[in-house]
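Quick look at what Swiss-Prot lists:
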TRANSMEM  12-32  transmembrane segment
TRANSMEM  39-59  transmembrane segment
TRANSMEM  89-109  transmembrane segment
TRANSMEM  117-137  transmembrane segment
TRANSMEM  152-172  transmembrane segment
TRANSMEM  180-200  transmembrane segment
TRANSMEM  215-235  transmembrane segment
């Protein structure tokens, strides 16, 4: 087996190993007894990862933690679904910034998404515009009793679901954005989070369960861990020696 074949197999193993780690970390949330324990675990691991990660991944880890903090400070997602008495604007702004960060990173990665180039960029711009529109609607809905406005907000949150898939796909493969299969990986996560949005829409009680187990926060946080760890200068130093 030649050198390049070994490199390819190693890369594929690493990429799909991240999926296993991602799923196992969600399993830990099921084992922990209380919401505070789950929140503590998510943030404690994030702090440890952030301490060793490079500067780019430090920012991404911290931003995922910030998103978690926003959900706890302005909990507009309740056991019964969307609560229009709480401010959602801070969360959707956070989502929009996330998708812009990811799009920027992909655009400045050499040879990223060379296949389906125009489809990817067109869809990315549509997601960003839709997410910005959702932010505007959310801001207008603050203190408003207009049912149409609140309904419009709810339906346009699908763009934030798309931004969630965008974030997870980018963070999981942060060091492999130039991989030929990244576009397929990206489409899968966009699709999964779209399905997730429809499930929440038609079964609002599941929102309460997912919030209780910190699923909504973990989706954004856990995907940064592995990429954060392997970005560490310490890991690169160990590999050299």
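Quick reminder: no glycine exception, Cβ is built from N, Cα and C everywhere.
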Leading stretch by Cβ pairs under 8 Å, where the reference is the transmembrane segment (39-59) and the options are 89-109, 117-137, 180-200, 215-235: 215-235
Intrachain residues whose Cβ lies under 8 Å of the transmembrane segment (215-235), provided they are six or more past its termini: 14, 17-18, 21-22, 25-26, 29, 38-39, 42-43, 45-46, 49-50, 52-54, 56-58, 60-61, 64-65, 67-68, 71, 77, 98, 164, 167-168, 171-175
Residue numbers, six or more beyond the limits of the transmembrane segment (89-109), whose CB comes under 8 Å of its CB atoms: 60, 63, 66-67, 70-71, 73-74, 76, 124, 127-128, 131-132, 134-135, 138-139, 142, 157, 160, 162-164, 166-167, 169-171, 174, 177-178, 220
